[in-house]
Ligand code: DGL
């Protein structure tokens, strides 16, 4: 009897020790972060150390970007993949589909805890929002770039990359949706925008606000998005080889319908009207939009203003015109949501629901 108790006690103690060691190893294990490089200024080079405009984007490879920041190895087990090497003004729907599918494949792997995407800043907010709608995981996805090329004095790329890897490997960023991290700040993909052509503090979420900061090697979140994203999204690109064509018509005083008519004639399935003010329709343009709608083109009323709610039935009778209101999405992000909406429906009531959901 005594021997049996001793044996059972020993077995219990050994099991406990193994469990504690395993837990410790788990917490002590660095997160596995994959860096997907696409190009941009973070990978750019200038003729001199003071060249901060007029440099060449998308010239430095992902391994070189990683080697330039040896501190990365202290915060994550990092692997690099060169997905593209382009300036982001040249990003296409095809690039987005390739990138989104690669992100989903990687995040489905148990040995990947988070992803960093290095990207040009010109269209970073658009790629981020596209991924916010199609990534099928709650794991962190963090887009990062730089406003100064890698060769510049006080280049911002290395610290931005280090911070992005910290966020991508953190528990705090799980479930927060796709993020943009630059200049020690963390922004939600849906609401962030580039606000300055050249300064390192260019990315802002003007009225709805950033989500948090990176400080002292840690991310600090103070807010979260109230809209659906990533794992809760109804959109799926797994079997898509193309996205419906959606174009943006920019509003201004004395505008005409030349661009609108050309887009519709070229087969656009949707038009984003980036109107003045609260999405107002110029008298000379409204008939062209009504005619396009009658041909089956989906019309979304957005605003060029940048902040505020684009109110349904505000500056136009959307119910009567069968138009969709963009809510608070910028024209460039409304285009992304409409493209994905059109992969599922052409019903304007359902599309309007999507604009109030994401
Ligand atoms: N050509 C721009 C781009 O790739 C450079 C801007 C940048 O990356 O900061 O987006």
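Each Cβ is built from the backbone N, Cα and C atoms, and glycine gets one as well.
The shown structure was predicted, so the numbers you read here are calculated from the model rather than taken from an experiment.
According to TrEMBL, the residue from 49, 88, 170 that belongs to the substrate site alongside 121, 122 is 88. Between the CA atoms of residue 122 (substrate binding site) and residue 41 (active site, O-isoaspartyl threonine intermediate) there is a gap of 10 Å, rounded to the nearest whole number. Rounded to a whole number, the C-alpha distance linking residue 88 (substrate binding site) with residue 41 (active site, O-isoaspartyl threonine intermediate) is 9 angstrom. Each of the recorded positions 41, 88, 121 was assessed for Cβ neighbours inside 10 Å, and the highest tally belongs to 41. A Cβ within 8 Å of the Cβ centre of 88, 121, 122, the residues given for substrate, is found for these other residues of the same chain: 40, 41, 87, 89, 119, 120, 123, 124, 145, 194. In terms of DSSP secondary structure, the domain 'Asparaginase/glutaminase C-terminal' (245-355) contains 40 helix, 23 strand, 48 coil.
Across 88, 121, 122, which the record gives as binding substrate, the greatest C-alpha separation is 7 Å.
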